[in-house]
Amino acid sequence: MTTIKTSNLGFPRLGRKREWKKAIESYWAKKISKEELDQTLTDLHKENLLLQKYYHLDSIPVGDFSLYDHILDTSLLFNIIPERFQGRTIDDDLLFDIARGNKDHVASALIKWFNTNYHYIVPEWDNVEPKVSRNVLLDRFKYAQSLNVNAHPVIVGPITFVKLSKGGHQTFEEKVKTLLPLYKEVFESLIDAGAEYIQVDEPILVTDDSESYENITREAYDYFEKAGVAKKLVIQTYFERAHLKFLSSLPVGGLGLDFVHDNGYNLKQIEAGDFDKSKTLYAGIIDGRNVWASDIEAKKVLIDKLLAHTNELVIQPSSSLLHVPVSLDDETLDTSVGEGLSFATEKLDELDALRRLLNQNDSVKYDKLKARYERFQNQSFKNLDYDFESVRTSRQSPFAQRIEQQQKRLNLPDLPTTTIGSFPQSREVRKYRADWKNKRITDEAYETFLKNEIARWIKIQEDIGLDVLVHGEFERNDMVEFFGEKLQGFLVTKFGWVQSYGSRAVKPPIIYGDVKWTAPLTVDETVYAQSLTDKPVKGMLTGPVTILNWSFERVDLPRKVVQDQIALAINEEVLALEAAGIKVIQVDEPALREGLPLRSEYHEQYLKDAVLSFKLATSSVRDETQIHTHMCYSQFGQIIHAIHDLDADVISIETSRSHGDLIKDFEDINYDLGIGLGVYDIHSPRIPTKEEITTAINRSLQQIDRSLFWVNPDCGLKTRKEEEVKDALTVLVNAVKAKRQE
């Protein structure tokens, strides 16, 4: 009988209580030394490695741990340093500056990692001299060995790394070939150090364009075969189906496939005989992207099917566990829902249960997990009826008519200015919210504090000269979690944090039941803010697509049904704001693009459903009420027509890190709705210059009608310091005032 082995593709960096984030931000704030930072992160890395060892994994990943982002780590490994940062020592401070920017230079672009809510730092190839320059991967592998951990190194593969890069004059194929000797050098150093195999992540090979990469992929891995290292390589794919017959023809030692998010195709390919049995199959059978406990009995059935077509089988999560929280141990959850959950640590336990059952005929842990899953499934979370048909899915009048009524009502100037919604969440703001949640202060004391903070920032905005104001969202910890706390059908955990980008962590709510609006969510704060000024104050909501994409979704209903349930709830809040006299309502959809399926065959239906849900949430208002939306971090070319179909009166889009590349997407579409392209990067502490903002405006106006153009930062300002925000917005408004005089 074949012995089943277990492995993992990656583990969360954050720590159970965000120790990683706190240490890094303390270092940035100069509250701890570099030595203290290094010690804290070393301790956390050790904890991660030993935890995985506790669950008897046969091989544990190293190289997944990072000080910021594993793609940026790979850039530094190969000396792919942005030209503006070249000439410096390659160390952690350089890494942080590339990721965050500094007073002299803008940060590198930040892009979604495939269709997840993780973001990577885009490698830049302009005038680089690739070489192996900082082999942190080797250092971390040796550290794992010192702990007696059976580890395997993890590195993003050459095809994926280059495809996710930008800049330079070489072709895609030329860049790959440039890197091959460097990958070889790194592989050899790891093998010489004792690596039994090396995990080479090539998720780009599950995308639509993967067939066009097959020639260069074959050339790359043939090169590694000639170098004598290919048999030590395991190509890991995840998030979708792969072209198994092609991958099986490559001269590597093993292949990793996703058997959760592949829509059943990978198993069909296995059963069709497309897998080369001389290789080891690394089967991603435990969902690495969602928090629900596995149907462990179904996983055993899947393993039995795979065993009929493989000689060596390793079971693993479907992807890195980076995308889920660390552990349920610190949560105090209602048993009715808690029994159905599985975070990163619990997923390792599921793998261990299957290993024990299949290798040792030890069913104790398996039987326990099976009974727990069955208890959860026997509950009913489908209790509500919905009347989707009675709610409008289109505005009363076309945009050309609406905008006339809106302009009469709002009386906005040429090139109106606004912000995206949130203002800095100072330590005081966070402390008051924590004290209120933990019942250390009264509701009245907390409400008084919020009103004072709202009033202070309304005055700041008026003094700066912004045209459309916001209340600042000081009552919100997160733009999705806030709504998860207030809508029926959501569960919000205490420590369910996941990394979004850099030190930015989010705590996605868990959708476990039918979603319903039961009371106003944002009306009080917005109405109070509006009472303080004659300028319009935007109501600020998160849209249904983003709430779904940034939550851990239930899997017992189709996505569209859950999305439309959320849309009806947001529609109720939109109407409540309108009834309270709010003239401008923003329904943010920053995650619309990121949820786009990796395979184009699913795009049309996804976008159709997304547009319908947004319109379900926003179309019931009167013509004179102006609907805004916001999107960020996205490559919009594929969805530009869907963005237009949303029929939002104004859309603001993050573009600053892409240096205006997005504007090209408007060349093939006559975009005739209001639009603001972000004119400066809020993810960096750097204050933009008046000239930079003017240049961004001028470039935008080459493609966009001036009468439709708004000027705004590229995203919310929650993570910035107060003085940074004031200074940057002052520069923005002054640049616009000068532009109005032209």
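Using the three backbone atoms N, Cα and C, a Cβ is placed for every residue, glycine included.
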One of Glu594, Glu601, Glu604 listed by Swiss-Prot as binding 5-methyltetrahydropteroyltri-L-glutamate at the site of Arg18, Glu19, Trp20, Lys21, Lys112, Trp550: Glu594
Of the candidates Asp329, Asp330, Asp564, Asp588, the one that Swiss-Prot places in the L-homocysteine site of Ile420, Gly421, Ser422, Glu473: Asp588
Under 8 Å by Cβ from Ile420 (L-homocysteine binding site), counting only residues of that chain that are 6 or more apart: Val470, Asp588, His630, Ser652, Asn712, Pro713, Asp714, Cys715, Gly716, Leu717
Any further residue of that chain within 8 Å (Cβ to the Cβ centroid of Ile420, Gly421, Ser422, Glu473, Asp588) of the recorded L-methionine site: Thr419, Val470, Met479, Met540, Gln586, His630, Gly716, Lys718
Spatial neighbour of His683 (active site, proton donor) that is closest, considering only the binding-site residues Arg18, Gly421, Glu473, Glu594 and their CA atoms: Gly421
Residue from Gly421, Ser422, Glu654 whose C-alpha is spatially nearest that of Lys21 (5-methyltetrahydropteroyltri-L-glutamate binding site), among the binding-site residues: Ser422
Spatial neighbour of Lys112 (5-methyltetrahydropteroyltri-L-glutamate binding site) that is closest, considering only the binding-site residues Gly421, Ser422, Cys632, Glu654 and their CA atoms: Cys632
Candidate binding-site residues Arg18, Glu19, Ser422, Glu473, pick with smallest Cα gap to Cys632 (Zn(2+) binding site): Ser422
Cβ neighbour count within 10 Å of Arg18 (5-methyltetrahydropteroyltri-L-glutamate binding site): 18
Binding-site residues compared (Glu19, Asp588, Glu594) - the one with the fewest other Cβ atoms within 10 Å: Glu19
Cα-Cα distance linking Glu654 (Zn(2+) binding site) and Trp20 (5-methyltetrahydropteroyltri-L-glutamate binding site), given in Å to the nearest integer: 27
